[in-house]
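Trainee: Structure provided below as structure tokens; questions to follow.
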Amino acid sequence: MLSTNNTYYSLSVTIFLLLTFIFPSQGQLSSTFYSTTCSNVSSIVRNSVQQALTSDSRIAASLIRLHFHDCFVNGCDASILLDEGGNITQSEKNAAPNFNSVRGFDVVDSIKSTLESSCPGVVSCADILALAAESSVSLSGGPSWNVLVGRRDGVTANQGGANTSLPSPFENLQNVSSKFSAVGLDTTDLVALSGAHTFGRSQCQFFSQRLFNFNGTGSPDPTLNSTYLATLQKNCPQNGNGATLNNLDPSTPDTFDNNYFTNLLISQGLLQTDQELFSTDGSSTISIVNNFANNQSAFFEAFAQSMINMGNISPLTGTQGQIRTDCKKVNAS
């Protein structure tokens, strides 16, 4: 026969388990978070991205970049979408890595508008970014994955953090690795997520330092393929237009595949941070690049997992933050 203390203990455990089932712990994202509150959220996002792709072949890469640049600053809280105004005195949009570079805000606003009509006040802007990134990849020939959702939106922006936390295309591999490590991402995440440069474009200003006077040497970056170098020098002449666009992947610029990695093997990485993954002597990234270059399935699997890992960077959940009705501004501001 149970003692009174044992009976009390058993009852307490039972109640605890019931409460845990009814009120799941905060901080846990789930692929089924909207199953009863907005069951068509994924199809709404996917259809919107597909529609945007019909008129803008760059938009898929731009949307995944938005998600990346959001998660590395304050976590995945849609702070990158906030305009200046109200309590937002400095927008992340105006930080150096984002100004006149990050794009796709109009597509996010369109998705949000459709969702507000279908499921008002339910889906966060942070989750829209995560879902749009997955749609962008899968619609472009890449892998699909079950996006974990349940994030809420931040009410502050961090322009200073955007200036310091986001990897720069001019940095060496050690610095970039440190920035990934600072948000809990490892070397495989670094290489896999860099593979998003298998589609999209980059402006001359982000790599022109490699073309003529690399690190003050008076010569081009020696890791650049000579034929590729000549093409880039023609596209981006000295004192030319720094905003001129160039394909990140010269072979299949709008398709999500593993050609980014095969390009690195022949010294055709566009950005310094791209090529250093393969050209930095002794780096643990070299074997990963080789694996992904020779096995697209391995890359796709790792990329999907790394996107989930990145999407888990410090999300706001439960009663934290808010569900913005307009992604550009904090509610009641």
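From the backbone N, Cα and C atoms, a Cβ is placed for every residue, glycine too.
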Trainee: In TrEMBL's disulfide listing, Cys125 is paired with one of Cys236, Cys327. Which one?
Mentor: Cys327
Trainee: Can you tell which of Cys119, Cys204 is bonded to Cys236 by a disulfide, based on TrEMBL?
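Mentor: Recorded disulfide partner of Cys236 in TrEMBL: Cys204.
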Trainee: According to TrEMBL, which residue among Cys38, Cys76 is joined to Cys71 by a disulfide bond?
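Mentor: So the cysteine paired with Cys71 in TrEMBL is Cys76.
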Trainee: Give the number of CB atoms, excluding that of Cys327 (disulfide bond) itself, located within 10 Å of its CB.
Mentor: 22
Trainee: Note the mean pLDDT of the domain 'Plant heme peroxidase family profile' (28-331), expressed as a whole number.
Mentor: 97
Trainee: Filter the recorded positions His69, Asp70, Cys119, Cys204, Cys236 down to the ones within 10 angstroms of Pro167 (substrate binding site), Cα to Cα, kept in sequence order.
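Mentor: His69, listed in sequence order.
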Trainee: Which are the residues of the chain, Asp70, Val73, Gly75, Asp77, Ser79, Glu92 excluded, whose CB is within 8 A of where the CB atoms of the Ca(2+) 1 site average out, their centroid?
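Mentor: Leaving out the recorded residues gives His69, Cys71, Phe72, Asn74, Cys76, Ala78, Ile80, Gly154, Ala157, Asn158, Gly161, Ala162.
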Trainee: When neighbour density is defined as the number of other C-beta atoms within 10 angstroms of a residue's C-beta, which of the recorded positions Gly75, Cys119 has the lowest density?
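Mentor: Cys119, out of the recorded positions Gly75, Cys119, has the fewest neighbouring Cβ atoms within 10 Å.
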Trainee: May I ask for the distance between Cys125 (disulfide bond) and Cys204 (disulfide bond), taken between their Cα atoms and rounded to an integer number of Å?
Mentor: 31
